[in-house]
């Protein structure tokens, strides 16, 4: 039984909390820069410009990086029909549709808001899934669009990337141990480095935690839209099994986009789930089984 897809209160609360904590973290970093005597006006202007570019052009950047091609209803009528029907059920404007020519079975959604969203699937995904399974995967991606979690994740990840860049290039820029610097200057440089490290680490784990929860929320949304959690579970098993047979070299080329995929290109064991953008397959299947039982009880 299909039901109306509403907002996910749990995800909304977590997104607000994550953004609040990250904002506090970045204000702390600016305070450290001020304490160290660093003129951060230019840094703020540069970051603001890059953030604007990331916000407005993220969809084009992701599609270009993945080699995705937007397709018309004439080129992919069945795919467009599925997307259009699910978008109507989710009370969303129909997103643009793209296909990625790769044997790796996966799907993702991108775009700064529902009016500018793109849903993309790979040729490998369309070849492996039944129409019902494909519908369930598309329902998952459209739930991301509905929840607007793509935008929050993109903005949050941008600042974490800036902090990571500072940490990784610190010693290249001269480090705290270069010659010709007095003791206070070396201490200030080390202070900025340590603050960048803290910002990066805390941001990393906050974003990963939000990313894992949003996958559960999207799985739930797919179950509501299609009325069939079992079809999504079947699709996840097929995708995960197919990914295991793809050469690691090919998977690593797509690893940077793990947060956008329905299944990460590379996944670790359960011990490493804390570092993952997605919950483990086992946890997602167990969650979908619970949803199916709940839906059966309501029928």
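The backbone N, Cα and C atoms fix where each Cβ goes, glycine too.
Among 70, 75, 215, only 215 appears in Swiss-Prot as part of the Zn(2+) site alongside 140, 144. Transmembrane segment is the annotation Swiss-Prot gives to one range among 116-136, 158-178, 221-241, and that range is 158-178. The Cβ of residue 144 (Zn(2+) binding site) lies under 8 Å from the Cβ of 109, 150, 214, 218, each of these being in the same chain and 6 or more residues away along the sequence. Residue 140 (Zn(2+) binding site) falls within a helical segment according to DSSP. A separation of roughly 10 Å, to the nearest angstrom, links the Cα atoms of residue 141 (active site) and residue 215 (Zn(2+) binding site). Shown in sequence order, 277, 278, 279, 284 are the residues of the chain, 6+ apart in sequence, with a C-beta less than 8 angstroms from the C-beta of residue 215 (Zn(2+) binding site).
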